[in-house]
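Worksheet for the structure shown next.
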């Protein structure tokens, strides 16, 4: 591929507003700093409108929801739409509880998302496709993952990103399949949450017409950083991988993305 967005991200250092969960907040902030963005972590409803006007992108992550969070998410999302910055939804464990289901439905009804990023089980639920999930984990299903990505992208007029052993990215017409990564990703908590934040950072430096390409590069960059970090590690070195991932996000170059990205288009 021809990396275009990583250099822009590091030059512009976009401010990314994260309404995320208590498990992921620290890791997401450090990961954004590593790749070249500037994170701000706030779910305080009193400052949501101002945050949207200060930021270049917004991530809404439902991982550890409270009632107050929902109000803040809705206000932040609607204000972000008004000022014209991209919004990413990470519907963590959406199928697990009624509260998550109702919250996600409300968000999708009232906020226009630029991208929705989750695992296969989460996006299958949003697409209305039968899937067996386990809490916030992907679970298993017989449906075609590429078709799920297309369904979500078309239904919500956004870019759908389904992450897993293979990542699927769809804008409703085009489909990219990314084959980088490492089995260590699902062994550390919040690796998907950080990916959503990275997606938001890449969208922050892209024109709307280029969102698909920006997310293909952003997801590839993240997966390649993980792949490089895992090269000298055993399958049980979770802690070393966590630190190594941050190091590789910081040192990753456009040339490495171009060299190592394994992408197919349909």
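From the backbone N, Cα and C atoms, a Cβ is placed for every residue, glycine too.
Taken from Swiss-Prot, the feature substrate binding site covers 41, 190, and the record attributes it to sequence analysis. Marked as ATP binding site by Swiss-Prot: 117, 163.
Note: the CA-CA distance between residue 41 (substrate binding site) and residue 163 (ATP binding site) rounds to 23 Å. A Cα-Cα distance of 13 Å separates residue 163 (ATP binding site) from residue 190 (substrate binding site). Of all the binding-site residues listed (41, 190), 190 sits in the most crowded Cβ setting, with the most other Cβ atoms within 10 Å. Remark: of the binding-site residues 117, 163, the most isolated position is 163 (fewest other Cβ atoms within 10 Å of its Cβ). The distance from the Cα of residue 117 (ATP binding site) to the Cα of residue 190 (substrate binding site) comes to 13 Å.
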